[in-house]
Every structure is written in structure tokens, then in C-alpha cells.
Amino acid sequence: MAREEQALLSTEIVNRGVEPSGPDAGSPTFSVRVRRRLPDFLQSVNLKYVRLGYHYLISHGVYLATIPVIVLVCGAELGSLTRDELWDKVWGEATYDLATVLAFLAVLAFTISVYIMSRPRPVYLIDFACYKPADELKVSKAEFIDLARKSGKFDEDSLAFQSRLLAKSGIGDESYMPRCVFEPNANCATMKEGRAEASTAMFAALDELFDKCRVRPKDVGVLVVNCSLFNPTPSLSAMIVNHYKMRGNILSYNLGGMGCSAGVIAVDLARDMLQASGAGLAVVVSTEAVSFTWYPGKRRSMLIPNAFFRAGCAAVLLSNRRRDFHRAKYQLEHVVRTHKGADDRAFRSVYQEEDEQRIKGLSISRDLLEVGGHALKTNITTLGPLVLPFSEQLLFFAGVLFRHLFPSKASSAAAATPGDASAAYIPDFKRAFEHFCMHAASRDVLEHLQSNLGLRDADLEASRAALHRFGNTSSSSIWYELAYLEAKGRVRRGDRVWQLAFGSGFKCNSAVWRAVRRVRRPSRSPWLDCVDQYPARMDA
């Protein structure tokens, strides 16, 4: 157990400079910082989640097992007959009458109809739009600290801490923030400021979406809005219905407090409602109010969101109408959701509370990377059987069985050769997906994800570019990443896109999309003025 705990720790030597006074004056000093890191979750896989993934696969594809058997049996029977014998059996020995033929055709038509009607309709993504704030809301890292100092809300230690976070965050100098958070001695977390920020972002994204798709707001049958921290009354979904004068029987939902992974949850809810109601069109809006995450106090765990979260919003149009296939960009293949809220550490890893001075903020636990790693392990273990090629599944499942049937041999092999791939086979997710949209939380998280999943720099280019250009835009970040891939012209017909997000609760959710056509470079995108400068700009 001690060895497992030690494996989750990383050490870092921090140079503290020359000691100015005391018995060690004039001597260089340093300190050793010990941190928890993302666990190597693919080296320890829980068998029950692999079993769950195969259960999903079999329950949705039982016909894949039955049809080959039927074909094999019929083929063996017919293969034993010559052409003349088969002709005699069909036309010579058999006697037909009109009633028999009609009854057979009726049964066949009924069976095919039941099969087609019982299958859920495919859900298509027609198009989406990402909000690009006005240029006056751009804030560089140096300007961030300068404005924060002028606001008078932080002492020098808090400013220095946020400056260090920004330096290693992976965020560039062109992300966006509402200026109200920097107003001197003013409370920015007000209902007025929250409504103004949310409405500006949502309406801009929706205006672009409706214009691009040539859809009237009254045609939308399902509306799902997710915003974690800002939840006014009337709700954000009601604000949209009121602004666009949507129809009275619209099915509207407002998801609050569900963190950065709520975008995938909103897509899942919209899909279920489309299947259940036959509404035809659904709109999903994912956003976050930065002013409500702003913390003007001194507790360091609550200062972390200040440095990472930025303004952003995405609006997505979904359809389950078959006629929309020809204008759709993607088809939704899988949604896999994982919730680790039963564990107390996971539940409190991202926690909204008040500090000692009764100032409200979002606290980020030191256990976040470890908690996130376990949630990711569960999620990808369930997702693997649904998306991995059979060869990868066979090797992966054989390794899982070996570790569970012979745990002592597996642990000794892993200890003897910790870096050997034979100790535990890691599936190659690059064989399942052409594109990866990992939630752009921070540079550190993306580096750990790349290392554990065995991805290349090119696989996480979209995530790093979105983090650098727009910052952590919470639940909408996966859509800015997909917009980046489209702006680069990389999405071709048949490509599969993996959107993975994680957030408070603690939750980890995946959505898998398949491109139904080649996605050409869009004429409207938040990336058009800068996409050609990436990925070079991230290294500048």
C-alpha cells in the first residue's frame, strides 16, 4: 500500500534564492515540493468496468452475433446441394399458392418494420457555434496581475501565487474576461452582472447558430442549457425562451452545479429527449459565468479558478430527423458517463464554499489529479470495448484477465519492469479515433493525459491551442477544440472524434462523434483570424 501511495507522488526541487539573513545568510537555499500526480490508471483496470463496456456492446449489437450464425447454418445447408437439386427443391418439389406467398410477405414486412421502428433514431449534429467575445475583453497575463493589483482585492502573496499559476497554466495573452471582476472594491458576483455576462455570450452564440443552420427559434423542440455556478430565477433556459419567443410546448431544461463535464451531460439529455418525444430539433447551450467563479480572498485553493477560467459559450443544434442527414456534420455514436460522487474525496475535490472571511469561492483540492485519474480510468475502461478495434480489445482484455487471475505474477512483473509494456497492455486509442478533444483544464492535466493515454503531440494540438487562445472555458472548451479542427480542415468523412470532459462531482464523461461528410473550413469561426498561427504560437 505504501508503494502505491508513493507512486502517486511527484517531487520538485524549488530554488528559493540566497538567504538574506539568519545563520545561513548568503547561502543558496531550496525546498522540495511533493505533489500528487495523475495515477497511471491504465496499469490498474477494474474488471467490472470492462464488463460494463462489453455489456453495452452486446446489448446494442446482439444482431452482430446472431446474423453470422444464421448465415453460416443456411450456407452450410445450401452448400451441400448442387444447382439442379436446389432448383428442384425451390420450384419442383415446393407447391405455392397466393395465400401462402402473401402471408409470407406480410410477415416479412411486419418483421422488418418492427426492427426499424424499434431501433432508436440516429442523432445528428447539424452545426455548432462558439462565442468570441469582443476584443476589449482580452486580458494578457501581465495585464491580469496589474488589474488584479489595482482592484485592491488581493495582497501581494495572493498576487504572486496567481502569477505563478498563470506562468505555467498554458494560457496565452489573448483570452477573455469580464472587466467587472477587476473593478476596485466592488462585488462582481451580482445577479445583474451574471445575467449580463450570460446573456451576451448565449445570445451571440445562438444568433450565429440559427443563422448558420437557417433554423427559426420556434422550430426547436428541446432546449438544454448548462451553467454550473450561475443559476438565476427565472433560469437561463427561460431567458433564451423569452428572448427568442420560442414556442410554448418546448421541452426546456437547465443544468446547474455539474461542472466542466456538463456539456456532454447536456448532449446526452438532449439525445434522450429527442428519442422520447420525437421533437425533431434540439439546442444545447454550454456556458459559464466567470464573474461567479471570481474569488477576491486569500485562500490558495480558491484562487486557482481565478487563473484558469475564462469567458466562453457554445451552442449546438442536434436533430433526429432522417432528412437532416444530408446537411449534418456528425452523428452521435456513444455517450459514456462516469460519476465518482460516492467517494468523499472525489465529492469534495471541486467544492463551492466560503473561506474564513465568509467570502464565497470555488475550492480546488490537491487530490484533484488523483481523483480525476480514477474517474478517467473508469470511463475509458467502459468506453474501450465500444470503440477499440477487435485486435486491441483482445490484447487489452487478455492483459486484464491475466492481472485478475494471476495478481501476484502481474505485480511482480510490473515491479521488475516498471516501464515495460508487457507488464500491462495499454490500448492504442489512436486506432479508434482520428481526433481528440480533451477538456482544456490546464497544461499540467493535458500533459498527464498525453502520457497516460500514449498520445502524440499532434493528438492534443486542438486542446492545447484552445487552452492557449481561449483559456479554460469550462464545459464549452471541447467545442472550441472541435472548431479548431474544422478551421484547420482536418475532419473528413468517417473520422471519429472523442470529446472527453471532467468536472465537479466528480464526473468524467465521453462523447463519440462520427463525421458523416467532409467538414470544410467554415466561413464563421472563432479561429479564423488566428488558426494559421497555431501550433507555432503555443511554443512562442
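Any Cβ shown, glycine's included, is placed from N, Cα and C.
What you see is a predicted model, and the numbers here were worked out from it, not measured in a lab.
TrEMBL lists Cys260 (among others) with the feature active site. The Cβ of Cys260 (active site) has 28 neighbouring Cβ atoms from other residues within 10 Å, across all protein chains displayed.
Annotation comment: TrEMBL describes His339 (among others) as active site. In the shown protein chains, 16 other C-beta atoms lie within 10 A of the C-beta of His339 (active site).
What TrEMBL records for His435 (among others) is active site.
Under 8 Å, Cβ to Cβ, and six or more positions away along its own chain, His439 (active site) finds Cys260, Ser261, Val445, Ser463, Ser477, Ile478, Leu500, Ala501, Phe502, Gly503. Look at TrEMBL and you will find His439 (among others) tagged as active site.
According to TrEMBL, the feature active site maps to His468 (among others).
TrEMBL lists Asn472 (among others) with the feature active site. In sequence order, Ile171, Cys260, Phe308, Phe309, Arg310, Ala440, Ala441, Ser442 are the residues near Asn472 (active site), counting only same-chain partners six or more apart with C-beta under 8 A.
Marked as domain 'FAE' by TrEMBL: 115-403.
Sequence annotations record features per position, and here TrEMBL assigns domain 'Beta-ketoacyl-[acyl-carrier-protein] synthase III C-terminal' to 434-514. A mean pLDDT of 94 is what the model gives for the domain 'Beta-ketoacyl-[acyl-carrier-protein] synthase III C-terminal' (434-514).
Marked as transmembrane segment by TrEMBL: 56-78 (among others).
TrEMBL lists 98-117 (among others) with the feature transmembrane segment.
Cβ atoms under 8 Å from those of the transmembrane segment (250-270) belong to residues 220-229, 231, 235-238, 240-241, 277, 279, 282-286, 314, 316, 318, 332, 335, 337, 350, 352, 439, 441, 472, 474-479, 499, 501-505, 507-511 of the same chain, restricted to positions at least 6 beyond its ends. Annotation source TrEMBL lists transmembrane segment at 250-270 (among others).
Just so you know, the Cβ of His468 (active site) picks up 23 other Cβ atoms within 10 Å once every protein chain is counted.
A sphere of 10 angstroms centred on the C-beta of His435 (active site) encloses 22 other C-beta atoms. Cα to Cα, His339 (active site) and His435 (active site) are separated by 25 Å. When the alpha carbons of His468 (active site) and His435 (active site) are compared, the span between them is 19 angstrom.
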